[in-house]
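S.K.: Features from Swiss-Prot:
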DOMAIN    1-181  domain 'KARI N-terminal Rossmann'
BINDING   TYR24, GLY25, SER26, GLN27, ARG47, ASP82, GLN83, HIS84, GLN85, GLY133  NADP(+) binding site
ACT_SITE  HIS107  active site
DOMAIN    182-327  domain 'KARI C-terminal knotted'
BINDING   ASP190, GLU226, GLU230  Mg(2+) 2 binding site
BINDING   ASP190, GLU194  Mg(2+) 1 binding site
BINDING   SER251  substrate binding site
Amino acid sequence: MKIYYDQDADLSLLADKTVAIIGYGSQGHAHAQNLRDSGVKVVIGQRPGGPNWELAKENGFTPMSAAEAAAAADLIMILVPDQHQKAVYEKDVLPHLKPGKMLLFAHGFNIHFQQIVPPADVDVAMVAPKGPGHLVRRVYTEGAGVPCLIAIHQNATGKAMETALAYAKGVGGTRGGVLTTTFKEETETDLFGEQAVLCGGAAELVKAGFETLCEAGYQPEIAYFECLHELKLIVDLMYEGGLSRMRYSISDTAEYGDYVSGPRVVTDETRAEMRQILKEIQDGTFARDFIMENMSGRAHFLSMRRINAEHPIEKVGAKLRGMMSWLKK
């Protein structure tokens, strides 16, 4: 894998360019402010009237419509949520995609699944910081950077990689390292990680553990501490030094239980389901379902959200978190 650093990127390639950030949300505010602090001219495309419009003004920008920003820019980074990107692209961006411009994304969903099909005469790239926007901004202001992924989908100008690397340098990515990937790889692995491990897998594991203890007669408050609250302690150790750091830091009792009981939770059947989840991502089944869900009004999605919000673990957790002064800061 090729990894790029500061010395591999030329920020001067953006000296006479204007970058449009479409969507001033979690990633948008970080990209915009970091680029500006790197000396790049930035315009903000944001829906008027909302909190992000006001936040952009508070941060010293003069926000405008997405169409106005796209018209004014040479590089256009689309950072609105996945389900809104196609509509924003077709209505506000496409009419202003002149030959030689660059279209940028921080996630490959809409390009990989062909919800957005740019004209052949523009560059299309991805620069994806591997951290939330507030971290991307904070680390940049501290003189470092969050590592990024970079991918090229179209190289109409012959300089797409150089331009994308300049953008990555502007947001601070080359300070930490910019790793090469493809739109396909980033999209499929990102979706799999979210569904099987980080969100779907972890949430269901936490709920199942909580329910198992409660059904066995243990107090819900104790079950919450053991199955949800303490998860952060373990994940932080893994985040800082991998599984080995976590196992070094826990008790021998916990480590032994890890080895003998973990494989009984993640069984061969679990692994088979994980492979099936990956297959449905790869063949487009998940993407089609998600796209159709949004097109049909999101009734099923909203129902699942409501049902999960009413799970007993949420009520117990709200009460216990109210006792934790450090969470109120």
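The backbone N, Cα and C atoms fix where each Cβ goes, glycine too.
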S.K.: Do you know which of the recorded positions ARG47, HIS107 has the most other C-beta atoms within 10 angstroms of its C-beta?
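M.R.: Max Cβ neighbours within 10 Å, all protein chains included: HIS107.
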S.K.: Within 10 Å of the Cβ of GLU194 (Mg(2+) 1 binding site), how many other Cβ atoms can be counted across all chains shown?
M.R.: 14
S.K.: Let me know the model's mean pLDDT on the domain 'KARI N-terminal Rossmann' (1-181).
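M.R.: It averages 98.
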S.K.: How would DSSP class ARG47 (NADP(+) binding site) in three states?
M.R.: coil
S.K.: Please work out which residue of SER26, GLN83, GLN85, SER251 has the most C-beta neighbours within 10 angstroms of its C-beta, and give that one of the binding-site residues.
M.R.: GLN85
S.K.: Rank aside, I only need the closest one: which of the recorded positions SER26, ARG47, HIS107, GLU194 has its C-alpha nearest to that of GLU226 (Mg(2+) 2 binding site)?
M.R.: GLU194
S.K.: Among ASP190, GLU226, GLU230, the binding-site residues in question, whose Cβ has the most other Cβ atoms within 10 Å in this structure?
M.R.: ASP190
S.K.: Over all shown protein chains, what is the count of other CB atoms within 10 A of the CB belonging to TYR24 (NADP(+) binding site)?
M.R.: 30
S.K.: Where does GLN83 (NADP(+) binding site) sit by DSSP, helix, strand or coil?
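M.R.: In the DSSP reduction, GLN83 (NADP(+) binding site) maps to helix.
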